[in-house]
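Asks: One structure coming up, written as structure tokens, with questions to follow.
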Amino acid sequence: MDNLNDALEKLKLTGTECTSDKLDGCFDCLLQALGHNNTESSEKIQQSGILQLFASILNSQSSCASKVAHIVAEIAKNELMRIPCVEAGLIPPLVQLLHSKDQEVLLQTGRALGNICYDNHEGRRAVDQEGGAQIVVDHLRSMCTLTDPSSEKLMTVFCGMLMNYSSENDSLQTQLIQMGVIPILVDLLGVHSQNTALTEMCLVAFGNLAELESSKEQFAGTNIAEEIVKLFKKQTEHEKREIIFEVLAPLAENDAIKMQLVEAGLVECLLDVVQQTVNSEKDDDIAELKTSSDLMVLLLLGDESMQKLFEGGKGSVFQRVLSWLPSNNHQLQLAGALAIANFARNDGNCIHMVDSEIVQKLLDLLDRHVEDGNVTVQHAALSALRNLAIPVVNKAKMLSAGVAEEVLKFLRSEMPPVQFKLLGTLRMLIDAQAEAAEQIGKNEKLAERLVEWCEAKDHAGVMGESNRLLSALIRHSKSKDVIRTIVQSGGIKHLVTMATSEHVIMQNEALVALGLIAALELQAAEHDLESAKLVEVLHRLLLDERSAPEIKYNSMVLICAAMGSVPLHKEVQKLAFLDVVSKLRSHENKTVAQQASLTEQKLTVQS
């Protein structure tokens with residue numbers, strides 16, 4: 001430490017009137033002290049006031065510049081010294097040094113600026129004001145094809161500097177993207193794939209930039225997919241593959257890049273990783289299995305990439321994914337079910353899969369998770385079944401396969417995501433399937449659960465789906481038994497509330513179901529309809545100018561049917577329905593206008 005004090009005194013006395021020979025010893029002493037105890041030495045250097053002297057030496061473009069920049073780089077390793085470096089005015093002369101032709105000067109300057117910018121807003125702002133990032137980007141562009149070790153080392157430092165400059169700062173990352181840094185980094189990855197340090201730095205840079213939506217288009221315009229898959233194939237170490245995964249996940253959110261990754265052979269790589277890790281109990285392998293299978297599912301979210309991998313149901317990838325369903329590994333079961341849910345995003349695929357007996361594989365999987373099962377697997381398998389049930393030709397086949405019975409086993413689930421998918425699957429299955437709707441609709445436990453879930457205000461999705469299934473059971477069965485079951489379970493009030501939904505489709509479904517109730521079982525339901533203030537709701541819907549034509553039409557149909565009940569008829573008479581309905585006779589929609597005339601006649605006759 002005495003040597004450090006002596007060196008600092010000597011530097012203060014000499015000032016900027018230095019020659020390299022005279023001060024080399026002092027600078028070496030500072031570097032040695034910083035290497036031995038960075039925290040203590042850097043604080044001592046700052047307290048001595050020598051940082052301002054460094055700014056003057058750097059400004060003078062002295063031959064000492066590279067040594068001074070080196071010292072600044074070491075000082076800035078101490079996070080407490082970064083702001084003092086900015087306050088001492090070191091950034092402007094350091095940025096000017098970026099114009100140097102001397103590689104050692106550029107190397108130490110890049111290190112100094114990178115260290116000052118690390119987690120330091122003031123440092124970044126100062127570099128931004130001096131235009132430092134653009135100079136570094138230009139250097140990288142011009143040096144990209146140089147493969148000598150010193151150039152590769154400098155490019156690694158420059159990449160690191162840009163990352164420290166822009167890390168977790170959207171506006172600075174956007175600035176780098178606008179400067180065209182992405183194609184440069186992709187080229188660097190391609191040319192220098194043998195250089196571990198430089199490729200890792202490029203990957204870290206990609207990881208930072210790929211999170212930004214504005215970066216995706218630029219990435220899609222490069223051969224990033226090809227380069228990164230090529231690199232992935234070479235990697236055997238967990239840590240290296242993990243870095244690549246961190247880049248792939250945000251990139252794969254873009255549909256164009258999804259397709260590029262599929263064409264570059266990423267899926268085959270991921271399947272290999274799954275194969276290698278599936279039976280391992282090591283934490284690293286378990287994590288890698290999850291990441292690989294999750295990424296596979298993400299690639300299937302793109303319509304084009306999904307169809308390419310489906311290959312008419314004959315693709316090897318599709319077949320491999322199917323083999324995951326009977327696996328004993330929950331992660332693979334989950335990924336397999338999610339993959340099928342994604343493949344089942346168009347009718348053609350769904351029809352092929354149902355004809356290929358995939359439904360039974362999903363039912364077998366669900367059956368393994370009925371008692372204390374894995375919620376994510378339940379949710380994924382139900383998602384797949386729901387999607388498969390959408391095409392009309394699949395419904396009867398799936399009902400025959402026992403899908404409804406299997407799904408109903410999960411009625412006791414207390415997990416909203418499972419409840420939501422269960423409801424959606426049943427609703428899809430009974431669409432235009434009168435017999436199934438009647439059979440399922442008479443299930444008292446289901447009706448009770450639906451009524452309970454119709455009140456799940458904390459889970460809007462579950463609440464909405466419960467209401468829609470209640471309505472669907474009535475609309476598709478047109479069964480008195482189903483209506484009585486729903487009346488006994490207390491479901492009527494929820495259908496009336498559903499008629500006031502902000503979604504027109506739900507309003508209409510509720511009104512059609514209520515119309516059937518009034519037509520088929522009015523006496524059984526009249527008390528509940530009166531308690532739920534049905535007539536008031538219908539009056540409001542007809543008065544509301546925002547109500548869609550089909551809402552007005554079905555409200556009037558329901559009014560006519562409801563008048564068959566004495567208490568409901570009295571309610572109708574209390575409100576000025578005639579006035580409202582007569583105005584609707586001139587409605588621009590002919591069907592509404594005709595129904596208004598019929599309703600007016602009925603109101604007049606029965607008033």
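Yeah, the Cβs are placed from backbone N, Cα and C, and that goes for glycine too.
Features from Swiss-Prot:
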- 79-118: repeat 'ARM 1' (REPEAT)
- 170-211: repeat 'ARM 2' (REPEAT)
- 347-390: repeat 'ARM 3' (REPEAT)
- 391-431: repeat 'ARM 4' (REPEAT)
- 479-519: repeat 'ARM 5' (REPEAT)
Asks: Write out how many residues of the repeat 'ARM 5' (479-519) are helix, how many strand and how many coil, based on DSSP.
Replies: 32 helix, 0 strand, 9 coil
Asks: Which residue counts does DSSP yield for the repeat 'ARM 2' (170-211) in the helix, strand and coil classes, in that order?
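Replies: DSSP composition of the repeat 'ARM 2' (170-211): 34 helix, 0 strand, 8 coil.
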Asks: Using a Cβ cut-off under 8 Å, which residues of the same chain at least 6 positions beyond either end of the repeat 'ARM 3' (347-390) come close to it?
Replies: 307, 310, 312-313, 322, 325-326, 330, 333-334, 336-338, 340-341, 397-398, 401-403, 406-407, 409-410, 413, 415, 417-418, 421-422, 424-425, 428-429
Asks: When secondary structure is assigned with DSSP, how many helix, strand and coil residues does the repeat 'ARM 3' (347-390) contain?
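Replies: Residue counts in helix, strand and coil order: 33 helix, 0 strand, 11 coil.
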